[in-house]
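Notes for the one structure printed next.
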Amino acid sequence: MNALVATNRNFKLAARLLGLDSKLEQSLLIPFREIKVECTIPKDDGSLASYVGFRIQHDNARGPMKGGIRYHPEVEPDEVNALAQLMTWKTAVANIPYGGAKGGIGCDPGKLSISELERLTRVFTQKIHDLIGIHTDVPAPDMGTGPQTMAWILDEYSKFHGYSPAVVTGKPTDLGGSLGRDAATGRGVLFATEALLNEYGKTISGQRFVIQGFGNVGSWAAQLIHEKGGKIVAVSDISGAIKNSQGLDIPSLLNHVKEQRGVKGFHGGESIQDSHSILTEDCDILIPAALGGVINRENANDIKAKFIIEAANHPTDPEADEILSKKGVVILPDIYANSGGVTVSYFEWVQNIQGFLWDEEKVNNELRTYMTRGFKNVKEMCKTHNCDLRMGAFTLGVNRVARATVLRGWEA
């Protein structure tokens with residue numbers, strides 16, 4: 001099922017539970033603005049190349065819109081629409097004063113030189129600079145972009161509007177990026193997992209984890225869970241998958257990944273032939289931290305984990321959701337579980353506006369407070385509406401956005 005259909009379905013179920021008026025429901029779904037621009041740049045060889053850049057601004061009832069910019073060859077409009085909408089509910093669940101957005105450029109960043117990427121980013125910024133802004137829409141990195149991309153956007157935007165570090169988050173620390181931002185999503189996953197296990201009288205220590213995806217989020221989650229005494233029995237990334245029933249040596253694995261650019265060939269574990277089968281490895285807690293739609297009706301019956309923590313966006317299809325809930329598997333949904341990244345992006349924005357840098361300890365303590373309180377709020381919605389954690393999170397997010405919409409007098 002495609003991401004937009006699934007997201008709309010979850011939204012509609014939440015709207016029904018909340019008893020929202022159908023006109024209000026309709027207006028909450030329609031994006032505020034969709035932007036599409038042509039970006040033409042000279043390539044290094046002197047030829048011209050054109051790319052399509054876009055930005056979907058979904059909702060700004062609760063504050064400036066917030067969301068990543070991705071550089072990827074197949075930028076699917078439906079998926080970007082779904083991700084922009086998810087950001088609206090995610091920022092509301094985290095209770096930070098933002099709405100949702102998402103955007104990017106249809107290009108293959110691996111085939112462009114650094115100078116071509118810089119030119120492309122600057123042209124894109126020139127085209128959208130009057131549609132983004134500190135109090136309008138605050139971009140961040142996503143697939144195929146990073147701190148350097150944000151530095152170029154900041155510089156180009158500042159040519160038009162004066163120095164404005166708060167216009168993007170996920171910047172290099174030398175340009176006002178926040179300490180702790182790199183680990184934020186992974187650390188948020190740790191805090192979310194602790195909050196969930198606490199409900200069941202358990203702690204991280206001694207639990208067996210499988211982590212699918214070993215990029216920024218997966219590797220940080222692995223490192224932090226390992227430090228807390230969790231046993232990581234299998235991990236996978238693009239290069240392959242490895243397992244060790246006694247628990248992988250995570251510090252050694254991180255060094256291996258740095259040198260070899262992948263988990264493949266790590267000596268502290270045996271290789272798993274089909275890396276997709278990692279999802280059905282025996283464990284207590286499964287953390288999908290890669291792409292969407294990986295848990296579906298084909299493999300849901302074979303999943304052995306008791307808990308699934310959605311570190312990726314939309315990793316579980318609705319059909320799999322039903323199968324897993326019948327099996328008694330508890331799923332901590334993405335719009336809560338991976339909100340650590342956007343929460344620390346909010347802290348970065350706050351620090352930039354104040355012109356006052358926090359130390360890393362303050363960033364991490366504030367993140368713990370937000371994640372712990374977020375879980376409590378989700379659980380309260382579960383009790384009120386007698387629903388699972390996914391619907392608890394969706395009703396919480398949708399309700400907050402709906403209330404802000406009505407209070408501002410925007411309802412149809």
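Sequential numbering from 1, following the chain as shown.
Even glycines carry a Cβ here, placed using N, Cα and C.
Per TrEMBL, the features are as follows:
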- K102: active site, proton donor (ACT_SITE)
- K66, K90, S345: substrate binding site (BINDING)
- T185, N216: NAD(+) binding site (BINDING)
- D142: site 'Important for catalysis' (SITE)
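Here the features listed in TrEMBL are painted onto the structure.
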residue	record	contacts (Cβ under 8 Å, 6+ apart)
K66	substrate binding site	M87, T91, Y98, G99, G100, A101, D137, V138, A140, V342, S345, Y346
K90	substrate binding site	G100, D334, I335, Y336, N338, S339, V342, G397
K102	active site, proton donor	R55, I56, H58, G67, G68, R70, V80, N81, L83, A84, M87, D142
T185	NAD(+) binding site	N216, V217, W220, A311, N338, G340, G341
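The binding-site residues N216, S345 differ in how many other CB atoms lie within 10 Å of their CB, and the one with the most is S345. Neighbour density for D142 (site 'Important for catalysis'): within 10 A of its CB lie 21 other CB atoms from the protein chains shown. Take the mean position of the Cβ atoms of K66, K90, S345, the recorded substrate site; other residues of that chain with a Cβ within 8 Å of it are G67, M87, T91, A94, I96, Y98, G100, A140, S339, G341, V342, T343, Y346. If you compare every pair of Cα atoms in K66, K90, S345, the residues listed for substrate, the longest distance is 13 angstrom.
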